[in-house]
């Protein structure tokens, strides 16, 4: 027989090969976030080539972003079924195929399909598995690992912007798309670094277990038939209600909808959906706002570079701060304050009268933006745990998809209506301050409730009469709440399958 620890999932190593995984996530996350923004350099020539309006060509990036976030549940299901490594490698292949196909497009509709849907879906398969695999490898140093991985976005943005301009000047947009498609294939290499942490134990399946399971099933089935024939009762293998229950359990196995009963998850979801109404619009309209103030094009574009450079250092620094013993136990408060700080920067932006004021705003905006992005997934994992994080991130991204699409157009409507950019910045700032305040108040309420429940639990433990009831309820709670993905405990499903069959018979 195999050793007793053969089927036990190993704990997060918090180092070792995990840092190689962080490097792979750095590349995958960087491409997923920065690539849709970097394509804007080619839009003017594509617009002239196809004779389309600016709004029509802008839908290319909008469809790509919407697909990247909207395909979250599909990505979560695939990760739960196959693990992070093959999903990221397949996503990198889709990105390369989409961009190479886009180089031969003859209409704007074909660009929507190739760049928007195919490449966007490939980026979705790169983003979520990269964040999920970090939670498998890190626990104590997880905020630092997440901060380093999320720093891939500003680094890639600083790299892709001049690279795309160089490719555009030398090869045109079609040749650039061919080269970018080949570059995106490096996501397959990044995915190959995502070695499953439970791969060694997943292969340990003793033959005795299989034989014992088959023998037990046969014996129980024969006994059931003998009893049924003796009592003259027809044997009904599965009722209609049990069939529906099994169907729901299969769906819930890959996408855990019980998270909607989780208080912390619901608060996080509402706060983030509200936050994304004002999260991306200031980045989109920062350079046009500078030009509207009479600043030349190169100086206006340099504001985005300042934002990206500050963001580059803000993310890993935020990860280090969030991992400290003072911040880690109350990281939800830190996240709420970062969102409110981001909104306050937008509210003060209209006060910047000249280029120097906009430079200062870009620096503070990059700091606040990096703080929010560094903790965006870390706070979610802190709420639901690494085992349920795969399903949680898929459900969150599909909800955020709508507000990500609506944010920039709503800002554009305010600019067209009032003829001034300041109302757009005020709207974004007010929404983000509201989201940060909501999260802070609700997290304070949740922490108070948890402290009260912990106090009541300790009181019951001190009472000898309630010890037995408390232990039974705790066993039931542990039994219902523990849900591990395939990369954590690959052998647990085997034992649960035998148990369900015994109970059913």
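Each residue's number is its place along the chain shown, starting with 1.
Each residue, glycine too, has its Cβ placed from N, Cα and C.
The transmembrane segment annotation in TrEMBL covers 16-36, 57-78, 90-123, 144-163, 175-194, 265-286, 298-314, 334-353, 359-377, 389-411, 423-447. The feature domain 'Major facilitator superfamily (MFS) profile' is assigned by TrEMBL to 18-447. Annotation source TrEMBL lists region 'Disordered' at 455-505.
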Within-chain partners of the transmembrane segment (90-123) [C-beta distance under 8 Å, separation at least 6 from its ends]: 28, 31-32, 35-36, 39, 46, 50, 52, 56-57, 59-60, 62-68, 71, 129, 174-175, 177-178, 180-182, 184-191
Apart from its near flanks, which chain residues at least 6 from the ends of the transmembrane segment (265-286) lie with a Cβ under 8 angstroms of it? 37, 259, 300, 303-304, 307, 336, 339, 342-343, 346, 349, 362, 365, 369, 372, 376, 379-380, 383-384, 392, 395-396, 399-400, 402-404, 406-408, 410-412, 415, 421, 424-425, 427-432, 434-436, 438-439, 442-443, 446
Please report, as numbers and ranges, the same-chain residues at least 6 past the borders of the transmembrane segment (16-36) whose CB is under 8 Å from any CB of it. 61, 64-65, 68, 88, 91-92, 95, 119-120, 123-124, 126-127, 129-131, 133-134, 137-138, 145, 148-157, 160, 184, 186-187, 189-195
How about long-range neighbours of the transmembrane segment (423-447): same chain, 6 or more residues beyond its ends, C-beta under 8 Å? 263-264, 267-268, 270-272, 274-275, 277-279, 281-282, 285, 289, 330, 332-333, 335-350, 407, 410-412, 414-415, 417
Surrounding residues of the transmembrane segment (389-411) on its own chain - C-beta under 8 Å, 6+ positions past either end: 62, 65-66, 69-70, 72-77, 79-80, 128, 131-132, 135, 254-257, 259-260, 265, 268-269, 272-274, 276-281, 284-285, 377, 380-381, 383, 424, 427-428, 485
With Cβ-Cβ distances below 8 Å as the criterion, list the same-chain residues six or more beyond the ends of the transmembrane segment (144-163) that contact it, or say none. 18-19, 22, 25-35, 37-38, 41, 130-131, 134, 137-138, 304-305, 308-309, 311-312, 315-320, 322-323, 366, 370, 373-378
Grab the pLDDT values for the domain 'Major facilitator superfamily (MFS) profile' (18-447) and give me their mean, rounded. 79
